[in-house]
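This report refers to the structure that appears directly beneath it.
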C-alpha cells in the first residue's frame, strides 16, 4: 500500500487549496485543487487492513483478510500521481524520492543491522551488502525463500511505487500535458511485453504482475475527478457516497467469501478499491469530507505504520510468548487488538518524530 502504499501522499492531507474549482476546471484543462481528507482516511483504512492481515487473526474465516489494503493503497497512488502531474509536476521525481526515501532507508538500515546482530529474528533476510544496495535503490531481487522482496520485506510494494514513479517521470520528460496518459500506455505496454515474451526471470516477472493495473484504475479515478462537473457531483453526492460504502463493505466480504476463480476475485477487489477511491475523491472535491482529525492523522502516518507495523506485531507476539500468555498471542482477539493499537501508535510516533520532519526538510530545499 503514504503510497503507500500510503507512500503516495504529500506531507499533509492537503495536496492543494480550496475545493472551489468548478466545471471551469475541466474546460480549461486545469485539475481542481482540493483538500483530500477522505483520501487520507482511506489511507488509514488501508493501513489498518494490512496490519490486521499480518496479525494472522483469521480464525474461522475461509481466507485471510486484509491484504486488500495494498490494493487500496495502489489505487490511491495512481490517482495521486495523475493529480500531481496535472497540478504541480515540477521536480516530480525528486519530490517523490524525498517523500519515499528518508524513512524507507532508515527502516532498511535498521533491518540490515538487525540481520547482523540478531539474525534469528529474521527468516530469509540476510546481512548482505549486495542485498542492502539493491534494497536501497529499489532493485528487486530473489531472496532465499523464492520471493522477490527487499531486505525490509514489506518494501516489495515500495518497489512497485518507485517503478510507477520512474514511468511517470519519463513520461513527463516527453509531455507534461499527456504525461498520465503516456505513462498508462507505457505501463500497459511493458506488461504486455513481459507476458508475450518467454521470460522466466522471477525478477522481471515481478513487473508483470496484474497489481500494476491498480495504478491505472487510480488514474481513471482522476479522469472522473477532473472531468465531472461539480454540479453533477453535488447533485448525486449521496449515490456517490453509496458507491464508496458498497466498496468498503464489499471488499472484505468479497475477499472472504467469493467463490470465483482467484483472478476474478483479484479483479473484484481491485474494482472495490476503485469504487472507494472514486467516491472519496469526488466527495472531497465538493467539500463533502469526513473531518475527523484522529483519522486524518492515522492517514498521514500510514506510510510510517506500513513500514514499521510487522515488527510491532512481531514484538507483541514475542512478548506474549515470553510471559506465556495465550490470549495475547496475535491470532487471538485481545492480542490482535493490542497489535493494531501498538502498530498505529508507533506509526504515528515515527511519523511525527522522523517522517514528517524529514519530508519537510527535503521539500523546503526542493522549493
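Note that Cβ sites are derived from N, Cα and C of the backbone, with glycine treated the same way.
Just so you know, TrEMBL annotations are computer predictions that nobody has curated.
Listed features, source TrEMBL:
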COMPBIAS  1-15  compositional bias 'Polar residues'
REGION    1-27  region 'Disordered'
TRANSMEM  36-53  transmembrane segment
DOMAIN    39-330  domain 'Acyltransferase 3'
TRANSMEM  65-85  transmembrane segment
TRANSMEM  97-118  transmembrane segment
TRANSMEM  153-174  transmembrane segment
TRANSMEM  181-200  transmembrane segment
TRANSMEM  206-226  transmembrane segment
TRANSMEM  238-257  transmembrane segment
TRANSMEM  263-283  transmembrane segment
TRANSMEM  295-321  transmembrane segment
TRANSMEM  333-354  transmembrane segment
Please report, as numbers and ranges, the same-chain residues at least 6 past the borders of the transmembrane segment (263-283) whose CB is under 8 Å from any CB of it. 36, 38-39, 41-42, 68, 71-72, 74-76, 79, 210, 213-214, 217-218, 220-222, 224-225, 228, 233, 237, 240-241, 243-248, 250-251, 254-255, 289
Remote residues contacting the transmembrane segment (333-354) - C-beta distance under 8 A, at least 6 residues beyond either end: 47-48, 51-52, 55, 57, 102-103, 106, 297-298, 300-309, 312-313, 315-317, 320, 327
Mean pLDDT, the domain 'Acyltransferase 3' (39-330)? 91
